[in-house]
Every structure is written in structure tokens, then in C-alpha cells.
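According to Swiss-Prot, the protein has these features:
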SIGNAL    1-19  signal peptide
CARBOHYD  N53  N-linked glycosylation site
CARBOHYD  N69  N-linked glycosylation site
CARBOHYD  N103  N-linked glycosylation site
CARBOHYD  N116  N-linked glycosylation site
CARBOHYD  N126  N-linked glycosylation site
CARBOHYD  N400  N-linked glycosylation site
ACT_SITE  S535  active site, charge relay system
ACT_SITE  D617  active site, charge relay system
ACT_SITE  H649  active site, charge relay system
Amino acid sequence: MHSLFKQLVFFLVMTLTAADKAAFDAESMLEAPRRSAVVSNPLGNLGIFIESNYSFADHKYNSGIYLLNESTRNHQELLVHGKSNKALTWITDSAFLYAREDNSSSSSILLFDVNNRSERIIYNHNSSISDIRIGEKNNHYRIVFSSVDNSLVKGPSNVHVYDHLFVRHWDRWNTGSRNTLYFIELDKKTENSNYFEISSEKAIDLLKETGLESPVEPFGGLSDFDSNYDKLVFVAKDPKLNPATQTKTVVYEINLNTRNLKSLSTAKGACSSPRLAKDGNHIAWLEMQTPQYESDQNQIMVYESESGAKKHIARHWDRSPSSIEWGVFKGGEPGLFAIAENYGKQILFFVSIFHHQVIPMTEEHSVSSISVPKSSSLWLTKSSLINPPYYAKINVETLNESVLLENNVGLSPTSYEEIWFPGTHGHRIHAWIVKPESFDKSKKYPVAVLIHGGPQGSWTDSWSTRWNPAVFANAGFIVFALDPTGSTGYGQRFTDSIALDWGGKPYKDIELGVEYIKNHLSYADSEKMVALGASYGGYMINWIQGHPLGRQFRALVCHDGVFNTLNTFYNTEELYFSIHDFGGTPWENRVIYERWNPSNFVNYWATPELVIHSSKDYRLTESEGIAAFNVLQYKGIPSRLLVFEDENHWVIKPDNSLRWHKEVLSWILHYTKDCNANEDETF
């Protein structure tokens, strides 16, 4: 056990000196502008977005709504509010709606007129508003917005009583509040003005007494519903099933004239991204066929309202789109624009609903969002490993792409590259290599191997403020971020291959990746390697710790990882996850849980390890981190435990994130110095 004095010494040396800081570091990353998705007006000549900047001097965000001109590429700030702005939605070509939180228990929908730079409140609501959809017919508008119904919340007692699951989800206890969809109506007073008046007395809760909740917790939002003047389509969990053991969500339709509700989908898995076509007759969505499997392939379905016919589009396509939007492609061909992971990038595709062709539209970087105006160009929100979110447009006829608004932080395109190396079972494994901006090929650099979570996830060419490879690279490391067996974007069979095999093929792929580093990267100092991972990546850190590969690393970092696979099932909230990946419950298939249980190999643990966990992480509870730290301390292995009391599975708050980066970088820098890695000279 380390002395208090040594702990204080570590705290003092933890902060890098100004001389040691790279031009791009954790602080500059966290203070860089954070942009929302850009939203084009119907005409396609203007876009709006929200930009936030965090100041470590003031310890607060400054947020504003900006207008981007497509022809001039100029952008200007329209609104600055200390309060939260969100849900930007154009109502005409020169006016948009947005939601603003007034306090913890109320919010407003406001209209902003771009022509005269004026705003006014359209509607006040007694809860937070998250997203807005608009439908129009003959200057009459129907607004559907998502909000929270708190009418069933019991208070002011701090006692929770439960008769069913979920007890808690992601980072909060189930208190009885529910997500729902509300409906109001507006009238446009004159044809050529942006003056609207509300024509409904109060918002109608469209899901009241249905037993349905939408958007779906914990990450549901605008993608969970769509509406026009006559219809609302949305997804919700099947109320007849246990939400903690089943992934099934259903696509529903509500007739906004009669309020009639009907279900459209029959899939046993999750459905998402319901979208209404302009003709009002066709509805598309994504659906998974496998129950209890959140990473099953998303398949595109199209439903025709008049006939009730449903068909599976592009059945041959072996990718899993995350979102879809209706639109028109070359020559006026109708279809769907889909974003899907593909070989380490998020690519925009066009999917023909008639010919079932799938055509890639973008090549570089990653697309996170698209906006589809009436013009021939789509507005894209993109990012890369070196660029925070920026905006571009792409012509659907020529596929020519141009940048509308850059977002540079001074990182060079030559600082990263992608490679492939031979993996298990004949698979080729993809990895990103990120180098310091001051890279000199004649020198040798320590190596940081990054292992992603999921496990059905991937390292894509996109920006992150949580795990940003460029931050590690510019602290002096060669970053090797690989996608082992189970990763997404390489075909569904590759993704599915990790089931029942958490510590098998993925571990071997990482071993082969380390061999690739040794044999092919002349500038990599393979004697000074560290490995870091979060969630499943944290599981893999603890698994590596108990196996031979662990001795090839000077230090390890485990963020919100798994220590005991059995306890993980019993303590988590989404039980279906372990049920799928381990082939049942622990009492049904204990042999698989035990086979891949890191706690069964603690006798072999020996490498210094930093353990990080958060108290509001209900996906992998903090007892997993404490258990790992207990073992490390009992065995006398150099170790450190970092606990965030106010964070969940992710460390989001900027000041916490800065501390996270300082702790992690100090740990791996210490153990890759020119000293005996087993010496505990700092701590």
C-alpha cells in the first residue's frame, strides 16, 4: 500500500508542464467548438446549427445558434443563450422552430425569423422538450414534439419501490417518468409572412393510456419518430415484454386526424429510424430479426399504407445502416439515403427501393447526419480522426462533394493512416495508426494499443472527445486502434463471431496486432507498449492481464470494464446483452461465463494497472472496478483507482474529462519512461 506522501508526489507530477504539452492536447480538444448536426432549410440555401464552447477558466459552456449560407459559405451567430437550445427545425425557408429550457421543470418552443432576426415564444410546456417534427397542409401546421411526462413520479420521498424491471437504466433510477410524444397545431396568418398562432388549447399526449413510451430510453431521440400533417410513425418497446430481457421495439402509426393507433412491424428484434415518404403512402424503417441481440443487422423495410404490403429492401447488402432518410437520387430515382459503417468509416449510401442497388456516395471521413432539402444537394455533418464535426454538401447527380464549413484544430492529414493485418480464421483485421504531429520516422516512440467497447463496435475515422487517438499520439505515442473479431462495419458474420467467444478470437487478433507492430512498424518501440480499453475494451484489459499478452505491456488502463462476467449479468440493467453474448443466463450456461471470466485468472495478474469507474454507471457497476483494484492491491501490483461520483459509463463533464486525461496520460507516460517498468519510483 502506497504512502500518503507518494500519492501526493504522484498528484503533483500528474499535470504535464507547459514545456511538455503538445500543440494539441486534452484541454485544447475539450475547449474546441462542439457542433450539432447541421439542418438545411427546405430550399437548400441556408443551414442552422448549434455551436458550444467550454471554458476551463469559467467552467461553463457558451452556446449559440448559427446560420450558414450555402452560396457564400459564411456563418453568423443568430442567438446566444445561457439556457439550453435544441431541436432546430425549419418551418419555412426563412423561419425555424427551436426548444429552449427555461428551468428544470419547463421549456418553450420558439420561432425565429431569419429575415428580421426576431424571435417569439410559440408554446410553453411544463417539461423539457427534446425534438420537434413539423407537418403542413394549406398553411396549417401540426407540430409533434418529444417530452417527458412526470405525472406518475412519486415524491418527495427518496424511497424507490419496484414490481418489475427496469429498476434503473443507464445512469438513473426509474422514478415513474416516461418519454412521450405531444401534438399541437399552428396556423400561418398570411401567405408571405412568418407569423404563426397556436390554434390548439394545449398539447395532446398522443401516447397517453397506450402503455407505450417513445423515444426509447436511454438514447432515443429524433430518429425514433417522424410525422407529416396526417400521420405520426414512431418506435416503442413492446409493452407485453420485459424491457430488460428483450430488445423488441415495434413501429407504430397514429392517424393524427382520428388518433387511431396501429402497429406496422412484426420483427422479433429492435426496430428503429421510422421514416415517412413525401407521398405519405410509404413508410421505411430499420429492423433486426434476432431477439435479445442489440447488434443484429439492421435490415431496411418499406411498408405501403394503402395495400398493407411490406418488403425487405437490398436483402443482399451485408452492412448494418444506423439511419435512413427518404430522397431522390440520379435521374429522379426515389429511394433511401443510408449511413452505415464500412471498413472503419461511416459512409453515406443510396439504396434503390425498386432495383435494390446499394451505391456508396462518400469515400473520406465519416458521415454522422444528413439533411435532405428539395434541391439536388444533401447537407452532410462529417468528422474524422483529425477534424471535429464539419459541414459539407454532396450533389446527388454528380456525387461531387464540397466543404461548407470547416472545423480544424491544427492536426495534419498525414498524421494517421489505416492498415490491415492477418487475423484469426483467415480474417483481415483493420487498424488505424495515429502518430504525433512532430513525428520523426528516424526515432522510436512508445505504443498505445486502444481496444474499443461494444464489443460490437469499431474505431471509425470520426471525432471523439472521450477516446481521441490524437490526444494520445500528441502526448508522444504511436496509437494502434484495431478492430478485432466482433467489430462492426466488416459484415454481419464478422460481428456475430464474438458471441460465446469474448476472450477467444478477439484476444488472438490483438496478439497478432502486437506482432504486426513489432514486425512492421520500425518507428514503434515494442519494448514500451501500453494497452487501454473501455467497457468491453476494459474487459479485454482484465482478460489480457491474466494471460501471456499482459506481460508484453508495461502498463494497462481499464475504464468501466468487466472483472467478473457472472456479477456483470446480475448487476447490469439490460440483461439481454449477456443473455445473447454468453448464450443464456449464468444458471443456464455457466460454463461460457466461467470460460471467459477474467476473475478466474487473477493468479497471473502482474502488470501495473490504472482502474477507472463511475458511480452512476449502471451498465457495468462500480463494484467491477473496485473488485479489480482490490486484487491488484492485495497482490502488491502497482495500481491506482479513479472514481467519478457524478459520471455514468462515459466521462462527459469537461472538468472530469480533463482530470481523466491527465490521470491516464500520466500513468502511461510514467511506465514508458526509460526505467524498469516494475519499479514504482513515482508512486
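FYI, residue positions are counted from 1 along the chain as it appears here.
Positions of Cβ are set from backbone N, Cα and C atoms, glycine also.
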What residue among the recorded positions N53, N126, S535 has the most other CB atoms lying within 10 A of its CB?
S535
Of the glycosylation sites N53, N103, N116, N400, which one has its Cα closest to the Cα of S535 (active site, charge relay system)?
N53
Nearest by Cα to N53 (N-linked glycosylation site), of the glycosylation sites N103, N126, N400, is N103
Rounded to the nearest Å, what's the C-alpha distance separating N69 (N-linked glycosylation site) and N116 (N-linked glycosylation site)? Just drop the number here, would you?
16
From the recorded positions N116, N126, N400, D617, H649, pick the residue whose C-alpha lies nearest to the C-alpha of N103 (N-linked glycosylation site).
N126
Of the recorded positions N116, N400, D617, which one sits closest to H649 (active site, charge relay system) when you measure Cα to Cα?
D617
Sequence-distant neighbours of N400 (N-linked glycosylation site) in its chain (C-beta under 8 A, six or more apart):
I394
A 10 Å Cβ contact count, applied to the glycosylation sites N69, N103: which residue has the minimum?
N103
Are there any residues in the same chain, six or more apart in sequence, whose C-beta is under 8 angstroms from the C-beta of D617 (active site, charge relay system), and if so which?
D171, D560, E647, N648, H649
Inter-residue Cα distance where the pair is N126 (N-linked glycosylation site) and N116 (N-linked glycosylation site), in Å:
29
